[in-house]
C-alpha cells in the first residue's frame, strides 16, 4: 500500500545541494549551476523543485570564492543555509552534514541532490521520501538501464556484452538519516574508499540501500547541449 503524504510531515526532512564543483566537462570558466534557463539559474530551478517538499531547511555547499549563490532569489530563502564546499563532491556533502549536525537531529532525514539536476519531478521526490520514511531505510532515485552495455578494452575493442537485467542508473536525490550518512562517509574516507555518490558510502558501511524508480527526464546537466534539453524538459513539465 502506498504511504500517505502526511507521513512526510511527521518527519523532519532536510536537503543538501553540493554546489562547489568546477564542472570542468561543462566549461573551464562558466559554472553550470549559474547558467540561465527561462530567466532563472539552474540552481534556482533545482532549489525550487526541492522546496516542493516541506523541508526544514536546505544547505548549499559552495566554493569559498562563490559570491553568487547567497545573492540569488532562491525559493524559501529563509530556509537556506550555506557552508564551505570541499575539493570533491563527497567533501562538500560531509561538510554540509557536519553543518546540519549543529542544527538538526541525527535521526532527521536528508536528501542529497545534484545542483545540476533541475528537472526532478515532485512526484519522484515525494515517492522517494515516502519510501524511506515508511520503511526506515536509505534509498535513491534510479532508472533501469535501457541500452546494451559493452565492456571495452584497449580503447576500442569490445571484450563482452554486459547483462543489464539487474543494472540501474543512479540518480539523485539520495536519502538517508543524517547520522547514518555522516558515519558512512566518514568511514569510507578513513579507509580511502572512492565515493561516487552517497549510496556508495552507505554500501561500504554495510547499510541497505533501496532504489525507487525515477524518471528519465531527471537529467544531470553535464555538457553545454544539456542546457537546451533541460529547457525543453522544464517547458514540457509545465504543459
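Each residue, glycine too, has its Cβ placed from N, Cα and C.
What Swiss-Prot says about this protein:
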SITE      25  site 'Transition state stabilizer'
SITE      32  site 'Transition state stabilizer'
SITE      164  site 'Positions MEP for the nucleophilic attack'
SITE      220  site 'Positions MEP for the nucleophilic attack'
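Summary for the recorded sites 32, 164, 220: the Cβ-based neighbour count within 10 Å is maximal at 32. Secondary structure from DSSP puts residue 220 (site 'Positions MEP for the nucleophilic attack') in coil. Note: the Cα of residue 164 (site 'Positions MEP for the nucleophilic attack') and the Cα of residue 220 (site 'Positions MEP for the nucleophilic attack') are spaced 21 Å from each other. Reduced to three states, the DSSP call for residue 164 (site 'Positions MEP for the nucleophilic attack') is coil.
Residue 32 (site 'Transition state stabilizer') sits 10 Å from residue 220 (site 'Positions MEP for the nucleophilic attack'), taking the C-alpha atoms as the reference points.
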